[in-house]
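Listed in Swiss-Prot for this protein:
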COMPBIAS  364-373  compositional bias 'Polar residues'
DOMAIN    18-126  domain 'Ig-like C2-type 1'
DOMAIN    134-223  domain 'Ig-like C2-type 2'
CARBOHYD  Asn73  N-linked glycosylation site
CARBOHYD  Asn196  N-linked glycosylation site
REGION    263-373  region 'Disordered'
TOPO_DOM  18-234  topological domain 'Extracellular'
Amino acid sequence: MSLFFLWLVSYYVGTLGTHTEIKRVAEEKVTLPCHHQLGLPEKDTLDIEWLLTDNEGNQKVVITYSSRHVYNNLTEEQKGRVAFASNFLAGDASLQIEPLKPSDEGRYTCKVKNSGRYVWSHVILKVLVRPSKPKCELEGEPTEGSDLTLQCESASGTKPIVYYWQRIREKEGEDEHLPPKSRIDYNNPGRVLLQNLTMASSGLYQCTAGNEAGKESCVVRVTVQYVQSIGMVAGAVTGIVAGALLIFLLIWLLIRRKSKDRYEEEDRPNEIREDAEAPRARLVKPSSSSSGSRSSRSGSSSTRSTGNSASRSQRTLSSEAAPQQPGLAPQAYSLIGPEVRGSEPKKVHHTTLTKAETTLSTTPSQSKAFQTV
């Protein structure tokens, strides 16, 4: 009775197997153990199967051995990365995964069956991810007497991630600890507040982010500035900008002045004064040789003179200015005015000729002058 009880207990333990938990870092290699003694009697009926239940409860087959064939490309996520680690026919059906990925995390089950006997084991695999390289930032103005916040954070990595700030020694005698007036935000360990900055607070600070898989770090430099020096720099920059604007304005005024002088010089010969005297007409006494020809053209000259009111008025003044002597015939004068270039001859209408004939008939002195000539 006692022997049967011991055999039953041993069979029960062999059937249920064991539960094992393994932690590995991503991109590394892992071997999940599974041992049995069911393949020795009959190898043809041996069946081995590895199953994965992920964190969401979904189950899938990883690798199997059946009918003397191995099937290890059953899932697209683990294709080419899973295999039996040793001689599974001799009793070592351990599973090897390389390289590890975060999606490989979950509960693995090894089932071995042969001739009605079976055994299985369970392995819980946790894939750890190293923290990504953190990003160090400064919040605030690094001026003397003010407060400055150092910010450090990793974008990815297995939780929890621990942050640690320290000062890097650049010179002999510098302290590696944070300044005395520094406070760590325990709700967010990646933030450190540096209060009441002094020139001694300047230096290089390093933040380290770490977890079970590893650690990464970043550095940032703090340069504390005097408030007076900032004012002087701002004043100097303002003065330089103002000076540059003034020089530009002077150059612009000079160019504008030269352009204006050049324009005045070009337009000066074409100016017309309003108080300038009009060109004077002069009277020319015709010679005896040309009197006949002028007499023949008297009609047309009279016609043209009547067409121009200004010429007619000047001729009348000339006639009055030259008094006639008794017994002598009046002399004919021709009005010579300033030469007009580029002027076209005016057209004389029929009505103008009619008016001219009427004027000639009503002017006795002018008619007598033409008759005498």
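Residue 1 is the first one shown; counting continues down the chain.
For all residues, glycine too, the Cβ spot is worked out from N, Cα and C.
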For Asn73 (N-linked glycosylation site): DSSP state (helix, strand, coil): coil
Secondary structure content of the domain 'Ig-like C2-type 2' (134-223), with strand meaning DSSP E or B: 3 helix, 42 strand, 45 coil
